[in-house]
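The block underneath contains the structure these notes are about, expressed in structure tokens.
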Amino acid sequence: MVMGIFANCIFCLKVKYLPQQQKKKLQTDIKENGGKFSFSLNPQCTHIILDNADVLSQYQLNSIQKNHVHIANPDFIWKSIREKRLLDVKNYDPYKPLDITPPPDQKASSSEVKTEGLCPDSATEEEDTVELTEFGMQNVEIPHLPQDFEVAKYNTLEKVGMEGGQEAVVVELQCSRDSRDCPFLISSHFLLDDGMETRRQFAIKKTSEDASEYFENYIEELKKQGFLLREHFTPEATQLASEQLQALLLEEVMNSSTLSQEVSDLVEMIWAEALGHLEHMLLKPVNRISLNDVSKAEGILLLVKAALKNGETAEQLQKMMTEFYRLIPHKGTMPKEVNLGLLAKKADLCQLIRDMVNVCETNLSKPNPPSLAKYRALRCKIEHVEQNTEEFLRVRKEVLQNHHSKSPVDVLQIFRVGRVNETTEFLSKLGNVRPLLHGSPVQNIVGILCRGLLLPKVVEDRGVQRTDVGNLGSGIYFSDSLSTSIKYSHPGETDGTRLLLICDVALGKCMDLHEKDFSLTEAPPGYDSVHGVSQTASVTTDFEDDEFVVYKTNQVKMKYIIKFSMPGDQIKDFHPSDHTELEEYRPEFSNFSKVEDYQLPDAKTSSSTKAGLQDASGNLVPLEDVHIKGRIIDTVAQVIVFQTYTNKSHVPIEAKYIFPLDDKAAVCGFEAFINGKHIVGEIKEKEEAQQEYLEAVTQGHGAYLMSQDAPDVFTVSVGNLPPKAKVLIKITYITELSILGTVGVFFMPATVAPWQQDKALNENLQDTVEKICIKEIGTKQSFSLTMSIEMPYVIEFIFSDTHELKQKRTDCKAVISTMEGSSLDSSGFSLHIGLSAAYLPRMWVEKHPEKESEACMLVFQPDLDVDLPDLASESEVIICLDCSSSMEGVTFLQAKQIALHALSLVGEKQKVNIIQFGTGYKELFSYPKHITSNTMAAEFIMSATPTMGNTDFWKTLRYLSLLYPARGSRNILLVSDGHLQDESLTLQLVKRSRPHTRLFACGIGSTANRHVLRILSQCGAGVFEYFNAKSKHSWRKQIEDQMTRLCSPSCHSVSVKWQQLNPDVPEALQAPAQVPSLFLNDRLLVYGFIPHCTQATLCALIQEKEFRTMVSTTELQKTTGTMIHKLAARALIRDYEDGILHENETSHEMKKQTLKSLIIKLSKENSLITQFTSFVAVEKRDENESPFPDIPKVSELIAKEDVDFLPYMSWQGEPQEAVRNQSLLASSEWPELRLSKRKHRKIPFSKRKMELSQPEVSEDFEEDGLGVLPAFTSNLERGGVEKLLDLSWTESCKPTATEPLFKKVSPWETSTSSFFPILAPAVGSYLPPTARAHSPASLSFASYRQVASFGSAAPPRQFDASQFSQGPVPGTCADWIPQSASCPTGPPQNPPSSPYCGIVFSGSSLSSAQSAPLQHPGGFTTRPSAGTFPELDSPQLHFSLPTDPDPIRGFGSYHPSASSPFHFQPSAASLTANLRLPMASALPEALCSQSRTTPVDLCLLEESVGSLEGSRCPVFAFQSSDTESDELSEVLQDSCFLQIKCDTKDDSILCFLEVKEEDEIVCIQHWQDAVPWTELLSLQTEDGFWKLTPELGLILNLNTNGLHSFLKQKGIQSLGVKGRECLLDLIATMLVLQFIRTRLEKEGIVFKSLMKMDDASISRNIPWAFEAIKQASEWVRRTEGQYPSICPRLELGNDWDSATKQLLGLQPISTVSPLHRVLHYSQG
């Protein structure tokens, strides 16, 4: 292929004066000869072709010189083609100018605008930047630029040209959503001073930030050239604007124009028509009706409409309408009949009220503003079309040509109209745009012009006046026939004329219908509109006329208003006043000039007055005692508060008590104890309760009233308090804990905000007796608090930063209590609970104890801190301040305070911009910027005034959505009262921007539209905060919370799907109905009343990706009670008050009306205070009653509320001296225990080696001589025992280096025939050798720290002597206790002091003769040394020392046989043991497999010891308590015995035990050693898996029947027959692989993981089994993926590794774990 002569050449063509034909030829010649051409000069250009050298700017000349671009004229192209070679450009200089040389300054104005400062040189120029390039009007080869764009920014500038003419330029920043190559275009269009010639320039940018910066700099450059900014567009400048900009300029033209007389008369007429209609109907002026009341009234209309359809009685309908007339007071009497026609009229009335209030927003202080103000308030361009013009005649002809009536129509006037948002949002791309007619009463025209045509709220056949409307559902109706539209255009009351609208309607694909369809709310699928075909002679339909219906407002664009009349209309003269001049309105502003003037109040503010806090003598009347009992389950709590106070006055008083709570609380009980009487409060509707209270006080009876005055204030009116009487008030409430990361916080406030107190204190309920007010719980009164805590996961820590606590706890349960002498000061009470596995979702289901009802609670706290980027580094914060007229007054001052405080919290990494908005908007910067100082931004906020007209927030949102951020996210903080114009468009823009923009709303003002702001935040993936003027003390925290969320990743669009198997069940009652967005460390609680539901699915979007998680529970795990019922009821009530029941405000209000009766019902059933209900109780008093009544025994009443569910444990943190002085029970009180004979039974134990934590020496350890031991008795508390015996205990220890519990014993350690040398290495073998030698008798156990993912063992219960008074318990180890056993009296010389589990002795006494060190058989002496560990946990192990050296009758007797080589003589103290093992047991898991994680009683037995090889180790007997749970009793109700053989080949091999009738204990081979490998591998199928058969269970020591039963209960049947069998095979194969893996790891063969056991590198080590393992591993990997997350779903464990280890007994398991039943299932 021959290359053209212009190959590798790129020509920039600037041939302004070349004829059009030659331009085309030039372009064609370049292409045909291998060249390329461009109209813009860029670094790739090799040549520039000019027909006049003067067209080059200085910047272009510099660029040409720098890039070595050749300059030539067009002849260079043509002569090079003629000679077929590339000629030298030196001979082809550009053409010189003609004879007339323009002045120097004219060259700049007639050529391209200089932009030297804008475009960087080629070294720094980005690839996406194209310099501004000039185009002449005659230039046709303009590069392709997207035409489907929107204008984000625009400006017009003017300057005087050289010849005295005006030069104008319009600069636009255009945004294209579809074009990736040209997303942002800066376009400028110049009109030269001759008024004829124009030129264009453009620049393309890739990001909104670059485009905004370029736009700003370009305007500045134009100013340097003498251009001045114009505020309004002139007609000439308007012609320069793009078509899209001209649509936006409708409002500009409207605001800058003066009114013609015709337009002024029209505005006055429609305004008078609307106001006159309202004045005729309403009892009070329209501007005194709240828009919130209008929304409620519209909701009532929808409710009445539904009731009408359901056939409610006329009486019931009238009752419902009464509420409507209360909200919207009417003149005259109410109509007796309620029908759809009445509802339609009232709906139109509500819309008219709403429209007029919105229109009047700009002139709130003027009841009758001038015509120009009314016109501008309409926000709609209206122009009069002169008669006899072509446009007038054309429109008149179009209207009349489809008039099928015989009555003539007289078209009086035509007005051209245009609305900005209709022009910008009109869906013309749907096609099939037709001009159609819409008729409406004159009084509705103001609203239509202001907000456009809306979808009707009540859509039904409205009777004779409107024949067809509603026949095609809820849409906007049009007709192409004037005769049809006239039916709806009624003559006005003002001048008797009618009005008609002509609209462009984008019908798109229209579906013809012949039958009515009332259910339509949108066009049928695949269509954009519907057409009701009119009936003709040949076609039978349901429609009299042609009806066109659309269901989207953006398919409509108004064009004309037709003013007309018909024969019979009475035309009246209407002469509006000539008051047309607009007076500038200047509201009064605060004169604050400093940021300090806008400071928010501190969170804690002291009261400025003591009013109401004193008695007649001025003395405070504080409470005497405050006692709190509480119960915390998961993250919810129930709290009971007891308050005691006395009337020290000699006269009866009315006392009122302010009870402070946070907004999460719900009071659910109120009781009073006075004069020996118990008064229980009842929930009644508020008016009824208050009336009952007043009557009781008047009659001299005692009365108690409690109501909710604010979210965090409850008021108790105690009523008549007799002189010297003591009253105990008992209040019960439920609440939710605050969550800070993985820490749950319970807080009990001591006082409330002073302004809330003062308001409640000053309210007067009765005037009979003196009123004394008690303002706070008290500062120095007696205070006590006891709470139980129960978690589904391990409690990491518990502490209070306000009080010193004592506590007792297990892994998942705890009881805490304040120390004696505590008081409650202004800090309140705070409790912090460290939670593990807090991010696991969970489900709680509670059955009601008295009725058929189930309440569900979902707990969901997403861990958003994982794998999410730091949002703050690339985020923008846009503070949008509402400056509309409705914000005037104190509301605007508060808005400024909030905006300024938010500004002060913006991070250094965040970009910031401030926008003031009203009808228009003003921004601080042209694009968000990093700011080093807040001064400029703060001054911008402080300078704002509420004079910007209406609340057109949609314009600001549209602008921001067009200039979306290129990186990171944008966060809008909206500060507004929520009375927005065009709410639907605003909502659409918020949803459209959600991928890159989040919206956080701050509601201000007592009349704020909270629903609108809440729904904007919900759809904008943000959160709404309402700033209540009554609770300013919380404003700082509210703002800080919002600003924290701005920098946090979020989880939005959260939804819950409840599993309801019965399709006929009613719709689930869920709260919140619309789940708000969640942010870092947020916790979601979703409640519901859903019957028979055990599973729910949570769906959410995180970074616009959908995530799902399934949570479930089982029938067995359902609890019984009322706490979750009360919480669910409170959540529904809260959602009723502050939630989103429906996106549409009217439907939301209708649902509120529907739910009101349910809310009252829930309130009464669950004893919950709401805005409709109160507690009231009346105490009837006798006249002869003693003036000094009996004081109630407060301590007894409080003691009845016992929350301590760990009574068997001792308090931690209690002073040691206090423990020593406690009364002790004598050991003789313990019951007599005997051992029943056991039948022959084999008991398998765990295979894991018994190991102990290697203790570390703590620096806190102090060695101290024991000295003389005082006599003591049984039932010692922990502190005293530890102090006396120098032993310590901790419940949970960190694992360290381990050693086997039973070690090889050297000969020197067994040289004597004493029990102790054998016992020492057996039990205390972790001790150093020196310790073993000197103190072989010391007993200590260590424990492992428990690790649990969800739940852990319930703490063991311990019992005092009174619980064993019923005689001997069968199955104990009494018969195995030796007659006498020596007791070790001290620890080793160097006892370890790191957390470990020691044995603690209790229940014994030593006589005074026992003060000397105890001598043991064999000559060993224990050294009397001790160590104390006050920081360690409470004891779990208890050894009892009998008080009597005689045989222990209470525990039976032991009679050694004659063959026994050793006989123990009675010694100073006999030893028995009452040992309880927690989950992290003192004994390793291997020792307690039968009672894994379960409390058992351990009796330490000793046998005679001969030689090492023939010796028998100590025997441990396990005994269950008679109060253990039923599911454990099967295994634990009888004793089982363990004997460990000390084998020299293996450190610790556990055995099967046979307990025979002759009490003989036989040691059997280790269960793993006994495994027949051949038999195990023979059970493998050809495909590589194992079946879960009893044969396999025997090999694995697993009860397969129990496992089958367990899986069936957990729902494995739902997988189907095939799925169930496959899953059982998978479980069996996993178990075998884990079994093989564990066995081989003992031989030193280590596998990477359970799923990768077929590693070829280890094949040589197990050639006999490798193929089987490989085949099984491959099958497992193929199959496991079919069952994702099946382990947690079936509650087997977190994953396969942990599940199989627990099933095989290789890993400890909690007693509360569902698998515990499997492991303890009877092997029968």
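Backbone N, Cα and C atoms are what each Cβ position is placed from, and that goes for glycine too.
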In Swiss-Prot, which of 19-25, 992-998, 1489-1495 is labelled motif 'Nuclear localization signal'? 19-25
If you check Swiss-Prot, which of Ser440, Ser1306, Ser1335, Ser1713 turns up marked as phosphoserine? Ser1335
Of the residues Ser365, Ser606, Ser1236, give the one that Swiss-Prot describes as phosphoserine. Ser1236
Region 'Disordered' range according to Swiss-Prot, out of 97-123, 124-150: 97-123
What Swiss-Prot calls phosphoserine, among Ser873, Ser1504, Ser1673, is Ser1504
Pick from Thr333, Thr521, Thr1120, Thr1679: which one does Swiss-Prot list as phosphothreonine? Thr333
Mean per-residue pLDDT computed across the domain 'VWFA' (876-1046): 90
